[in-house]
């Protein structure tokens, strides 16, 4: 709070609340408070813009380095820890975006609505509160102002008479020391000094009388002025109280140090960083890029004759229609020479040494139709079997 004004009594008196017209400083609090609300809203919009820009920068930074990270040689828990910086940053970005929205849509709108309801405007210009206060102050001060003007006039007259008396006294003193001055002239000078003394005495009496009237009226004047001032103070108290709550709301939004989401973000980040494990990462590298990798060591591989595969989509489906080859009556029993696993749903699978029936002759693509025990039938490569003698 500012200290009370200091200076000479005359200077302090000029700016005193009790002097005529100085109440306007109190009256002006209303439009100044209205302007302060506009400034606070604009200020918070700027802060919201800063929060929005920061959130965007966080996102851009995260996206840029997330893509770079995927091309770098880190792995395992160390890679997860690095990537956790980006996931936590994305959550921070969302939080700062939320702060930006709250400052505008919640705090800004709240102040704007209160401002609209509190500061009632007159029909043409200005605010009703300012007009009412100015009218009440003026009504309370008008009698006092008239008395002050009368007092100032009486004071000026008294001081002027004092000046005249002093001048007459100086002339009389000079005349008394002038031996050449005649008695008649000296008498006239003395009479002028006496008249000046009488006028000064009368002016002083008038001055004291007016001052007594002003002094007697001061308590009433002070009471009426303080009554109007108290009304102004009550309106200002309401404004201060509201803006205090508005500032506290803004503080809750921008003070992310106590935000539980922020605490969770950094807690999880710290947990992930502490989870970096040298043994786990080294084990992962060993198993994926080192001696721990599975290997198909060299071994004897049996030769299997090539299968005459049809061209894609050209293998005919054999049916027992009249247009196909005749079905062998009873079939021919064959034995598999090699293992074969069917690659299509309509192909047989068998192992070397297994026996089944060949029920149709080989087609021009090297396939036969066979029937296994249990009724399973399908195509198989003709060169994988020999007839059983």
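Glycine residues also receive a Cβ, built from the backbone N, Cα and C atoms like all the rest.
According to DSSP, the secondary structure content of the compositional bias 'Basic and acidic residues' (167-204) in residues is 32 helix, 0 strand, 6 coil. Positions annotated as compositional bias 'Basic and acidic residues' by TrEMBL: 167-204.
Sequence annotations record features per position, and here TrEMBL assigns compositional bias 'Basic residues' to 308-319.
What TrEMBL records for 10-281 is domain 'F-BAR'.
Per TrEMBL, domain 'SH3' is recorded for 329-389.
Per TrEMBL, region 'Disordered' is recorded for 159-204 (among others).
Among the features that TrEMBL reports, region 'Disordered' is placed at 296-322 (among others).
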Q: Sort the residues of the domain 'SH3' (329-389) into helix, strand and coil with DSSP and give the three counts.
A: 3 helix, 27 strand, 31 coil
